[in-house]
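As annotated by TrEMBL, region 'Disordered' applies to 87-122. Here TrEMBL flags 105-120 as compositional bias 'Basic residues'. Taken from TrEMBL, the feature domain 'YDG' applies to 205-352. Sequence annotations record features per position, and here TrEMBL assigns domain 'Pre-SET' to 427-488. Summarising the annotation, TrEMBL assigns domain 'SET' to 491-636. Annotated domain 'Post-SET' per TrEMBL: 651-667, in sequence order.
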Amino acid sequence: MEGGVAGNSVPPNSFDKSKVLDVKPLRSLLPVFPEAPNGPPFVCAPPNGPFPTGFSPFFPFSGPQGSPLTPGLNQNLFNSTAMPIRSFRAEPPPASNGENVQSSNKRKSVGPSSVKKKVKRSNDSELALAALTNFKPGISAAEKDDGNRELVENVLMRFEALRRKLSQMEDAKESHSDIFKRANLKAGNIMFTKGVRTNGKKRIGAVPGVEIGDIFFFRMELILIGLHSQSMAGIDFMPMKADIEGERVAISIVSSGGYEDNAEDPDVLVYTGQGGNASADKEASDQKLVRGNIALERSLHRANEVRVIRGFKDATHQTSKVYVYDGLYKVQESWMEKGKTGCNMFKYKLVRLPGQTGAFSTWKSIWKWKEDPSSRDGLILPDLTSGAESIPVSLVNEVDDEKGPAYFTYVSTVKYPKSFKLVQPSYGCNCRDACQAGNSNCSCIQKNGGDFPYITTGILACRMPMIFECGSSCPCFRNCKNRVLQTGFKVHFEVFKTRDKGWGLRSWDPIRAGTFICEYAGEVIEKIKEKADGDDGENNDYVFNTNRVYESFKWNHETESAEERSDTSEKFDIPSPLIISSKNSGNIARFMNHSCSPNVFWQPIMYEHNNEAFLHIAFFAKKHIPPMTELTYDYGIPRSDETGSNNMEHGKKKCLCGSPKCRGYFY
């Protein structure tokens, strides 16, 4: 046969008969769809279309069988009618080792294997990473397959601690190489290598230990806890064991704005299939019914649950994204339509299962409040601080008719009386612009043990015995990255009335672990006033005391290396006890309630003012905190040498934190 497909002739003597042809039965070949001269309705543009020249399209890629197609009919068909996806022929499912089949588009499925890519390392970087990688996973084989809430939170906290440490090391490098860039991928690689992960067994439906509304700031976090196993692809799928042909169904999707999704409705998501997007080296093309696309189509017919993760821009870090787990959906409908590029795209309508906790709906409400604060139900005051803070703090009561807390004077920092000072000579740094991580000549960095306490994004890198920020005598800029506490909080808070714990504090924004919450502001006092007979006990309320006993916890990255520096200790080094009363004057910190499983912790910070160093108490996020989640910290327990046993019992209050680890009381 000398004539080729589409009439292309083969030059004489170009065929080497000595070669053996790899001939396959026709039924094993994928169908090749011809291209009409004027282009079928789903073709973007030649030569990208699947139809070779000279072939006419056939049903269902043309009009009704037996009807010739005209250019006008092609246009009307897709401008007015969406074609059902089930009418398309799909490519056969890949073999058992088909995971190495790659899509030629942005939503290419690379999965956890992407974190295993080799990273260039120098001898110095190998030594620097040695201590970080020397730790035990502490997770059993069974826990790697199936987790629980405590294990999920443990994995996420360890990942974030390692990521912050890697970021801190990268910031300190004089020449920023590629060794530690994308610290989240490097941290994920180490976690996988050490076996620190959970819920590795794929499943349909809810993931043990993951709650609706949980937030994440890296796709790697989704992988480590088994919520979504693809590091880039938006559709995750798994084979059905009962299916002899090994067909796959979708189990989770990520909608984060990369495609033309319709994600405005909190209960309905119109999701765009994967593939077809233009890139630097190729034009946009029609999507194909393969991999994740066909998995979603099969989920439509099987009616299995699909986890939905929605992604948005991070309000506090515009270059980053935040992901929220929005619960379980089902695929209700599918079709094909032309996208903005003129190419055909698969569309899937997913509907949220009723009775689930609100997640994306909460975000929608917050966006509305930010545009129009008066639209907030139960709003008492738009700004409790009366302008004392750069970001307003709303006062809200949706519970009863109380119009606000007892009167107090709002102050944004701690006030030391003249008679009570931490007399300690202090010298500022000599940085003219801004303190730079890795600058060994910066005296403020030297005070911090040679490490910059915050990473580039302003996140606290590690808990430290004491953090030394730049003070008023330092010539560096006001917005120097070593002035996190002094520049104030960057989150929109609201003080709200709780149902059973008085007033509380929560945020409209998602909060990343290590984010500065606020300072504990108030008046420094020498001692707590003793309760007298008949006293209502208010004299001991609204007090922070560094001399209390606080339950210890591990927040920094753990290591078993003997070479790890001792300055990473999390035991505080406070020169003398500090007691702050916020009864008469204070800030939003006075509204944070106690919890036996808190999501906020405190850190002592010093900085110079008027040639003297003063101690401040700063609160930081212990873990990622979703919007509208109450912020709490551990109030601690008075030392036995400070009060008698009778007073200890008298000072107990019933704890209502609801934590599984609740000890039943607090002081």
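Every residue, even glycine, has its Cβ placed from backbone N, Cα and C.
Caution: TrEMBL annotation is automatic and unverified by curators.
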Item checked: Long-range environment of the domain 'Post-SET' (651-667) - Cβ separation under 8 angstroms, sequence gap at least 6 -> 500-501, 540, 548, 593-597, 632, 635-638, 643
Check: Reported in the order helix, strand, coil, what are the DSSP residue counts of the domain 'Post-SET' (651-667)?
Finding: 0 helix, 4 strand, 13 coil
Note to self: Looking only at the domain 'YDG' (205-352), how are its residues distributed among DSSP helix, strand and coil?
What the structure shows: 18 helix, 59 strand, 71 coil
Next item on the list: Tell me, roughly as an integer, the mean pLDDT over the domain 'Post-SET' (651-667).
Entry: 90
Note to self: Based on DSSP, tally up the residues of the domain 'SET' (491-636) by helix, strand and coil.
What the structure shows: 10 helix, 54 strand, 82 coil
